[in-house]
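Let me begin by presenting the structure, written as structure tokens, before commenting on it.
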Ligand code: KG4
Ligand code: ZN
């Protein structure tokens, strides 16, 4: 039997999870409301909140899983990519825990973990499959050949998809993180109300910065004629923006599927919680006869269950790191 403690602290979520033989027994997430009024994550405040939250979060994860801390066989933690000050808190905690208990330490790549969240529950994809990983900091199309063998086929050249949602929300005067709110309003709006450009980017890469500018101009133009434009059209603007972001993403997925001939298609990362993306992917899957894999909501946004499951698969390979390991703000797949 293998009991793994997973720790996630790369951005603004402190999370701990217990995985027993590949099964997630707890997944505790402490969010950080402190960033809302700043319109984005303030790194200094994030590190401090992680420092406050880490012990209670781990404690709760252990209790909820009904294990004793002495039974834990290994500690897996997010090494990067992410905010360095935030990563340091989880890394230091994991190192101390492993040292005190004399158990192995496992480093996990956050972007790989988002993809490996697909191995928490059935149905699990089989290798090779394609994964569109869309989060606050990344937008990638990945060819997943094995648990830890992943090839980047395309990525964003500027903003990430989550950033596009969050920056749009800021223009629309919604609090951070705006993605879930844009999603909520979009569900009641008309996606054809406003036309927004689709950037022409080569290969399997993405660009979202032009979209942000187009939204800003659209709002400014209409507000000149009607100062209440935003209040009156918020749902339609959200629906139009969301539809465009989704079409930019899925057109590239379609291209990647065609290029590789792969029909097992997954999505991962915070933006994979988006209702428009989920339903459009399902529809596209029906049309092109794909096997579509969409994680449960709780495993889309940042969570330690994905770190624990990634840790479990590294544990099976005895792939451990030493106490000298340090977090990395930038880390490739
Ligand atoms: O994966 P994640 O939790 O953290 C990072 O690793 O970045 O992703 C966070 C991103 C944020 O940009 C947030 O606005 C976005 O995911 N997001 C959403 C939704 N839920 C979270 N974007 C659109 N629709 C949603 N329902
Ligand atoms: Zn993430």
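Using N, Cα and C of the backbone, Cβ positions are placed for all residues, glycine too.
TrEMBL does not curate its annotations; it predicts them automatically.
As the structure is a computational prediction, the values presented were derived from the model and not from experiment.
Over in TrEMBL, the protein carries these features:
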BINDING   110, 114, 302  Fe cation binding site
BINDING   133, 134, 135, 136, 137, 166, 179, 183, 274  substrate binding site
DOMAIN    24-308  domain 'Gcp-like'
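Residue 133 (substrate binding site) carries a strand DSSP state (E or B). In the three-state DSSP scheme, residue 110 (Fe cation binding site) is classed as helix. Excluding 110, 114, 302 themselves, the residues of that chain whose CB lies within 8 A of the CB mean position for the Fe cation site are, in sequence, 8, 10, 78, 111, 113, 135, 269, 270, 303, 306, 307. The sparsest Cβ neighbourhood within 10 Å, among the listed binding-site residues (110, 114), is found at 110. With respect to residue 179 (substrate binding site), the closest of these binding-site residues in Cα terms is 302, chosen from 110, 114, 302. Proximity to ligand 1 at the level of Cβ atoms, with a cut-off under 6 angstroms, picks out 135, 137, 302 from the binding-site residues 133, 135, 137, 302. For the pair residue 133 (substrate binding site) and residue 302 (Fe cation binding site), the Cα-Cα distance reads 12 Å. For the pair formed by residue 274 (substrate binding site) and residue 110 (Fe cation binding site), distance between Cα atoms is given as 20 Å, rounded to the nearest Å.
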